Amino acid sequence: MTMTATMTTPLVLKLGGALLENETALEQLFTALSEYKSTSSRPLVLVHGGGCFVDELLAKMNIVSEKKNGLRITPFSDIGYITGALAGTANKVLMAQGLKSGAKVVGLSLADGGIATVTQSTAGLGAVGECEAGDPTLLTALLSGGFLPIISSIGIDAQGQLLNVNADQAATAICETLDADLVMLSDVAGILDADMQLIPEMNSNYAAELIAAGVINGGMEVKVKAALKAAASLNRDIKLASWKVPERLVALLNGEVEGTKVSS
């Protein structure tokens, strides 16, 4: 199944990178979403990170942030700050742009209505969560009512612990919850090869080769693995593309080929 095969299937857009601190780009994104919704009844869901806001806040607090294998290490003493940056500032910045565009926005975290199941990571990253599909009831009701859910990557486990979830992994879990399509928007056009050229199609074998060679690493490795997981569990292609070409966003949402297509 591909994105063009079922245009009534919910579409999850994962937003990341410098987009969240670029007001002009956000306005262009929501303008494109508004244009798309004027001609399509397809439900949309936004899932976001907000590393730029986390970095800015931690720097003001004189806290040094570290990453391990592309994932942010989150000391338990810092999770309150990170929750504020992601579920607070980042989420409300996106909600503000959505409201300006005329959308009926609802700000959520991964814990609301059990839309995702979050458990603490065992990778020695601190207050970091692993994310799996949850209960679709709340999201289905919101989408049926014409709302645009905007979901931060903050979760809460069964013990009530706040956890920071990688936004790519969070978006994958939300797709699994809704049986939705997924487009990951970031600063780059898609997955790039060793010569920094766009790779139009990617599968698990090719990804393993590029990861072993060090071509795909850090945050892109996390993103690619999340996309591969989604492609396998949903049995459909996932797209990685850039938000930097706003005039192509509507075409991308309509299923036209942009960026890198990831299949299992």
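Residue numbering: from 1, along the chain as shown.
Placed from the backbone N, Cα and C atoms, the Cβ positions cover glycine too.
Quick caveat, the model's predicted, so the values are computed rather than measured.
Site annotation for substrate in Swiss-Prot covers GLY50, GLY51, ARG72, and the matching candidate from ASN22, ASN62, ASN164 is ASN164.
A simple way to gauge crowding: the CB of GLY51 (substrate binding site) has 23 other CB atoms within 10 angstroms, across all the protein chains here.
Using CA atoms as reference points, the binding-site residues GLY50, GLY51, ARG72, ASN164 were checked against LYS14 (site 'Transition state stabilizer'), and the closest is GLY50.
Spacing of ARG72 (substrate binding site) relative to LYS223 (site 'Transition state stabilizer') is 13 Å (Cα to Cα, whole number). Here nothing among the binding-site residues GLY50, GLY51, ASN164 falls inside 10 Å of the CA of LYS223 (site 'Transition state stabilizer'). Per the record's binding annotation for substrate, residues GLY50, GLY51, ARG72, ASN164 show a top Cα-Cα distance of 12 Å.
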